[in-house]
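Residues or ranges marked as topological domain 'Extracellular' by Swiss-Prot: 1-7, 64-69, 125-131. The feature transmembrane segment is assigned by Swiss-Prot to 8-28, 43-63, 70-90, 104-124, 132-152, 166-186, 190-210, with sequence analysis given as support. According to Swiss-Prot, the feature domain 'MtN3/slv 1' maps to 10-96. Annotation source Swiss-Prot lists topological domain 'Cytoplasmic' at 29-42, 91-103, 153-165, 211-258. Residues or ranges marked as domain 'MtN3/slv 2' by Swiss-Prot: 132-216.
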Amino acid sequence: MFLKVHEIAFLFGLLGNIVSFGVFLSPVPTFYGIYKKKSSKGFQSIPYICALASATLLLYYGIMKTHAYLIISINTFGCFIEISYLFLYILYAPREAKISTLKLIVICNIGGLGLLILLVNLLVPKQHRVSTVGWVCAAYSLAVFASPLSVMRKVIKTKSVEYMPFLLSLSLTLNAVMWFFYGLLIKDKFIAMPNILGFLFGVAQMILYMMYQGSTKTDLPTENQLANKTDVNEVPIVAVELPDVGSDNVEGSVRPMK
């Protein structure tokens, strides 16, 4: 006996909840390491700020939308876990990172959501409110999927997958597949569309992981190292041409003064 469309949609939504639960929990080892070392270890808070914004918006969207229990359930948990991650990050991050993270939380998560709710209720006709919030949710979902771009850039530069766990990349890919089919089957473009990009980014991250797994890590130059480079004004007879940061030529060159 074949399942009906709404039953298949429920199945994908349920699987999406299960995989999303894993996605939300996948950074736990990272934050446990932060807790043990009492340091943020160079990790960035932006992906978690975007994830919290997306979860709160999708929760608001689910509340406005009829019978969106699967969306409400997972995003309620998502809000709780992302707030927990950000609390740990702020607790152990350097002072500048703490301040910038708190500013972003106030602007994006508190101010942004509050302003959206206010504008939607004041300016948008009731029959268009769900679609308006849906478009905003889709835009935020794209921001969440695009946020690992900075991490991918760091992986390419350092040739290290330290900051990009494979489990997280795999979970994001599976998560995007489940929610795409859920959105497709219930004819919700605001759920389906962003997950196409989510799938592509997830696959790209897994490819990077396979390329650089086991590679020797290349440390990026620190500010002190850059400041201590030889000054050409200190060399009276020859001019020293220093290599650009990130160049394969680490020796530089020496040429006579003209």
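Glycine residues also receive a Cβ, built from the backbone N, Cα and C atoms like all the rest.
Same-chain residues lying 6 or more positions outside the topological domain 'Cytoplasmic' (29-42) and placing a CB less than 8 Å from one of its CB atoms are 85, 88-89, 92-94, 97, 163, 165. It is 166-186 that, among the stretches 43-63, 104-124, 132-152, 166-186, forms the most Cβ pairs under 8 Å with the transmembrane segment (8-28). Residue counts for the topological domain 'Cytoplasmic' (29-42) under DSSP, helix first, then strand, then coil, are 9 helix, 0 strand, 5 coil. Mean model confidence of the domain 'MtN3/slv 1' (10-96) amounts to 90 (pLDDT, 0 to 100 scale). Counting only same-chain residues 6+ beyond the ends of the transmembrane segment (70-90), those with a CB under 8 A from a CB of the stretch are 10, 13-14, 16-17, 20-21, 24-25, 27, 31, 34-35, 40, 43, 45, 48-49, 51-52, 54-56, 58-59, 61-63, 97-98, 101-102, 105, 182, 191.
Sequence-distant contacts of the topological domain 'Extracellular' (1-7) (same chain, six or more residues past either end, CB-CB distance under 8 Å): 185-186.
Residue counts for the topological domain 'Extracellular' (64-69) by DSSP state, with H, G and I taken as helix and E and B as strand, are 2 helix, 0 strand, 4 coil.
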